[in-house]
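Since the structure comes first, as C-alpha cells, the remarks are kept for the end.
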Amino acid sequence: MFFKLLKDAFKIKQVRSKILFTIFIILVFRIGTTITVPGINAKALSNLNDLPFLNMLSLVSGNAMRNFSVFALGVSPYITASIVVQLLQMDLLPKFVEWGKQGEVGRRKLNQATRYIALVLAFVQAIGITAGFDTLSRANLVANPNVQTYALICVLLATGSMIVTWLGEQITDKGYGNGVSMIIFAGIVSAIPDMIKGIYEDYFVNIPSERLTSSFIFVGILIVAVLLIIYFTTFVQQAEYKIPIQYTKVAKGAPSSSYLPLKVNPAGVIPVIFASSITAAPAAIFQVVSALGYDADWVKTAQSLLATTTISGMFMYAFLIVLFTFFYTFVQINPEKTAENLQKSGAYIPGVRPGKGTEDYMSKLLRRLATVGSLFLGFISILPILAKDVFGLTDAVALGGTSLLIIISTGIEGMKQLEGYLLKRKYVGFMDTSE
C-alpha cells in the first residue's frame, strides 16, 4: 500500500518535487545535528549520557541534544510558544482573541507572535541548558567559561532553534506533513539503529550461553509487543466517528445526506509532543538545582514528579498528555464554527437543533472523543516506561511508546495528505477531460 502510493506519487512531477523537497530539508536538519556548538568540550558530553531527562530532551530536539549541536534546542521553544499563543486566544488576551477570528490575516499575525515568543524562550532555554549542563558535567562542558563564550553559545543555540523552526515551516508550506512533527520524526528514525545496536549488545554480546535462550525469548516478546503497538496505534489513529448530515436544499442529482467524519483521536500526536516538551525543561532545571547542592525536600519532590523514570513522574507525564489532548482537540475543531458552517451550508444533524444545539452536541461529542484519545495516548506512552521497571529496559527503549506514536502518526498524516492530493488530481483530471 505505502510503496504503491509512493510509486504513483513519484510519477507526478509536482508531487515528486514536494517529496524530494521534504527529504532535502530533513537532510539539512540532520547535517546541522552533527555540528557541535563551538566552545563546547565534546568529551564532557559523555558525562551527561546517564541523566534521566536527556532522552526526553533528545526526543523533542530531534535527537540533536546528545552532541550539543547548533540545533540542540530543536523545535522545543516553538512548541512552548505555540502552547502559550493558543492559551492566550482563549479569552485571556483580547488582541489574540481578535486575531484568532480574522481568518488568514489573523493567522499570519499569530504565527509572527509565536516566532517572537519562541525567540525569547530559545534564549532563556539556551542560557539554562548551557549553564545547567556545564554544572552537571562537573564544569567541563564549556571549554573556556567566560561571559563572551556563554553569550556566543547562547546566540548560536537560539539561532539554531529559529533555523529549525523555519525548516519545519518550509516542510509544512512546500512539502508534506506537519513540519514540527517531521523534524522530530527524522530525529527519532535516525536514533533507531543505535537503539537496535544497544539491545543487541545488552542481550547477545558477552552473554553466557545458558542465558542466550532467555535473551532470544525476551527479544522475541519485545518485537511482538512493538508490532502490536504499531497495529493498535495505526488502527486508532485512522479510526473515524461519522456524524450523519442532511441538507435542507438539495440540487438535482446530488445526495440528500452525507456525513461529517471526526477522528477518534482528533488531537493526533501533538499532545504527546507538548507533554514531552513541557516535562523535559523543568526536569533539567531541577537536576541542576540538585547538583548545586540544594537538596531540599521540595526539590526532590519536583524531581520525582518530572522524571519519567519514577512512578509519580510517569503519571504526571500521562496527566499532561490527557490535559493537552482535551485542549488541542478543541483547538483543532471549534464546535461554534462547525455549527455555524453547517448552518450556512444548509446542513443539519438529524435530531439536533441547528445553531446552539449543534454547538452543544459537538462539544459533548468532542469531550467523549478526547477522553478516548487521551486514554489511548497516555496508555501507549507509559506502557514501555512501566515495562522498563518490570524488565529493566534502558531509558531509550522506555520512551519507545512515545517514539512509535510520533513515527506512526507522522507517517499516517503524510500518507493521508499524499492520498488526498492524488485523489484531487485524478478528480480534476477527470473534470478537465470531460470538458
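Backbone N, Cα and C define each Cβ position, glycine as well.
Quantities reported herein were computed from a predicted structural model and do not represent experimental measurements.
Here is what Swiss-Prot says about this protein:
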- 19-39: transmembrane segment (TRANSMEM)
- 68-88: transmembrane segment (TRANSMEM)
- 116-136: transmembrane segment (TRANSMEM)
- 147-167: transmembrane segment (TRANSMEM)
- 179-199: transmembrane segment (TRANSMEM)
- 216-236: transmembrane segment (TRANSMEM)
- 269-289: transmembrane segment (TRANSMEM)
- 311-331: transmembrane segment (TRANSMEM)
- 372-392: transmembrane segment (TRANSMEM)
- 395-415: transmembrane segment (TRANSMEM)
Stretch of maximal Cβ-Cβ contact with the transmembrane segment (147-167) [cut-off: under 8 Å; candidates 68-88, 216-236, 311-331, 372-392]: 68-88
Maximum Cβ pairs under 8 Å to the transmembrane segment (311-331) - stretch from the list 19-39, 68-88, 216-236, 372-392: 372-392
Positions whose Cβ lies under 8 angstroms from the transmembrane segment (372-392), at least six residues beyond its ends: 218, 225, 229, 232-233, 236, 264-267, 269, 271-272, 275, 308-309, 311, 314-315, 317-318, 321-322, 325-326, 329, 398-402, 404-405
Same-chain residues near the transmembrane segment (68-88), Cβ under 8 Å, at least 6 residues beyond its ends: 29, 32-37, 40, 42, 45, 57, 60-62, 96, 110, 113-115, 117-119, 121-122, 125-126, 129, 133, 141, 156-161, 163-165, 168, 180, 183-184, 187, 273-274, 277-278, 280-281, 324, 327, 331
